[in-house]
Amino acid sequence: MMWTRAELKTRAKSVLKVTYWKSFLVSIILAIVGGSGGGSSSMRARMGNETGANFLDEYNYSNGDFNGFGNEIPFDSIMDGEMLAYLLAVFGIIALIALLVGIALRIFLGYPLEMGGRKFFVQSSRYGADLNYLGYGFTKGNYLNIVKTMFFRDLYIFFWSLLLIIPGIIKSYSYSMVPYILADNPQMETDVAIQMSMNMTKGHKFNMWVLDLSFIGWYILGMIALGIGILFVLPYENATKAELYIELRKEAIESGLISAHDLVES
């Protein structure tokens, strides 16, 4: 029997009735390690503009010269081509370092936490909420396999996205069950986990996309309260996605697409 959005959401609500605040905490962590945290660029821009305005107020310049330093400093000699190139190079290096640090944190910290967060939501539906599941990816000697498998999942999605946007979106749904599969069996080989996710989602990707669309209204409502309300929608979506995995897992086993034995940690 095909799953329905209403059924998954009803189950998720039942789970959240007794696990909401733990689920809320895990959802915040998942949002952070998933790279979906909001920035404060507009605030920084305003601060930058105000700082620049104050500087010009204090040190008025005319005819290309700064006044107020006690002597004249030619403006053109400071902001010449060499200085501009130097500043661009410095900013470029800083940006590159920040990018590499962010990628490293995503891979070595974010991937295990993402898998642990998915395990938390699945286990909350099965047995009850336990925050210890969040650190599951760092234990039992499975860390490197989890990092490797999750890395290749994102790498494959990235390569597909280089072709066209649509293939990248489709593949993101095809590989979306990988962290849940690793949560059941973190020792599973990379290619097996990815193929199993593809088998689970076969024939379901369009409905999964529609399921995602069904949360847009909730997120719009969440943005009304200065965006804070969005944080309270995250547990609802994560719990629903866990119910989706449970249902897809069940259907795939019953149809012979996957073996239940493969989803048990040895």
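Here the Cβ of each residue, glycine as well, is placed from N, Cα and C on the backbone.
Predicted automatically and left uncurated, TrEMBL annotations should be read as such.
According to TrEMBL, the protein carries these features:
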| type | residues | note |
| --- | --- | --- |
| TRANSMEM | 20-39 | transmembrane segment |
| TRANSMEM | 84-109 | transmembrane segment |
| TRANSMEM | 155-175 | transmembrane segment |
| TRANSMEM | 216-236 | transmembrane segment |
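Listed as Cβ neighbours of the transmembrane segment (155-175) (distance under 8 Å, sequence separation of 6 or more from its ends, same chain) are residues 194, 197-198, 201, 205, 208-209. Beyond the ends of the transmembrane segment (216-236), by six or more residues, the same chain brings 9, 12-13, 16, 20, 23-24, 26-28, 30-31, 38 to within a C-beta distance below 8 angstroms of the stretch.
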